[in-house]
Amino acid sequence: MITFMLPPVLIVSMCIVAIEVVVGFMGNGFITAVNSINWIKSKRISAADMILIFLSTSRFILQVTVMMYIHSLYFTDVFKLASVYKTFGAIWMFVNHASLWFSTWLYVLYCVKIINVTQWLLLQIKLRITAMIPWLLLGSLLISSVTSFPLLWITPNTYLCRSTGNCGQNSTAHNSGWDNSHLYLLLLYFTGCFFPLVLSMITSGLLINSLWKHTKKMQCYVDSFRDPLIDVHLIAIKSIISFLILYISSFVAQILLTLSTSQSKDFVKVAVSLVVTGAYPSIHSIILIIVNSKLKLAFRMLCQHFICKTN
């Protein structure tokens, strides 16, 4: 049962998010399936493929929680119990933080593998990065739990009142959309996202700079024809820039969404934040498929299989 009539802008945004979630389910599910099948067949897995499995699986779960989040905000009969709402919020933040860390480690791996280094410390990291990846992934899960599970004890009173339906008319939490618990919630989210965001910006910047310099050097030696390697490097640069734009946009949008409640009157801000938040895991999964030769080949084979079935 809907507790109130939704504004048209929110209805449109939910429809867009639903489409984004379907695309994300298909894209992230495809990435997980392809890499898992290759892992089972070959009985070994590369560091990049391991990260992709963790990343796509976490995003698959994340998009489920995005839909549940929307449902809990505007279809509140499902989440009447405060304990249920708090548990759901902690899971959402945990999966969100973990997926951000996983995407960060993917670009850190690319950065270390591609960029030429001469310093001893960086060289040691370059030689040992493959063995470090499983521990970095496990460490990311641990850090994400530290920055999300405190939400079980720190939940905005406005949400609790709405989920239990026991707010008094004179309650401060009922009359105000902001209190100290909102500050704690924002601090938890910001802490969990800030460090992978900074690390992603640094490594992505180094990658773009290195790939751009390498592309310019190759162009000096290519006069009569276009080297396919130049196109590969340009595609890599574009994918990294797209990742940064999606990452930063999602970071800002989720902060705005974290501070929003069902009582918020700024429906346009909430609607745009929902769409941007849902776009990041969906669009980036498509980018990963496009720039990854193994995933692209598997996707083409899958399309050919369906075409043959229909014919």
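Heads up, the Cβ atoms here are built off N, Cα and C, so glycines get one too.
Summarising the annotation, TrEMBL assigns transmembrane segment to 6-31 (among others).
Residues or ranges marked as transmembrane segment by TrEMBL: 51-70 (among others). Distant neighbours of the transmembrane segment (51-70): 14, 17-18, 20-21, 24-25, 27-29, 31-32, 35-36, 39, 45, 88, 91-92, 95-96, 98-99, 102-103, 105-106, 109, 133, 137, 274, 277-278, 281-282, 285, 288, 292; these residues of the same chain sit at least 6 beyond its ends, with a Cβ under 8 Å from one of its Cβ atoms.
Annotation source TrEMBL lists transmembrane segment at 90-112 (among others).
Sequence-distant contacts of the transmembrane segment (133-154), counting only residues of its own chain at least 6 positions beyond either end whose CB sits under 8 Å from a CB of the stretch, comprise 47, 50-51, 54, 86-87, 89-91, 93-98, 101-102, 105, 109, 181, 184-185, 188, 191-192. According to TrEMBL, the feature transmembrane segment maps to 133-154 (among others).
Same-chain residues lying 6+ beyond the ends of the transmembrane segment (183-208) with a Cβ under 8 Å from its Cβ atoms: 93, 96-97, 100-101, 103-104, 107-108, 110-111, 114-115, 143-144, 147-148, 150-151, 154-156, 236-237, 240-241, 243-244, 247-248, 251, 254-255, 258-259. Under the heading transmembrane segment, TrEMBL lists 183-208 (among others).
Here TrEMBL flags 229-250 (among others) as transmembrane segment.
According to TrEMBL, the transmembrane segment annotation covers 270-291 (among others). Distant neighbours of the transmembrane segment (270-291): 9-10, 12-14, 16-17, 20-21, 23-24, 27-28, 30-31, 52, 56, 59, 62-63, 66, 70, 99, 103, 235-236, 239, 242-243, 246-247, 249-250, 252-254, 256-257, 260, 264, 299; these residues of the same chain sit at least 6 beyond its ends, with a Cβ under 8 Å from one of its Cβ atoms.
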Tertiary contacts of the transmembrane segment (6-31), as residues 6+ beyond its ends and Cβ separation under 8 Å: 52-53, 55-57, 59-60, 63, 66-67, 70, 74, 267-268, 270-272, 274-275, 277-279, 281-283, 285-286, 288-289, 295, 298-299, 302
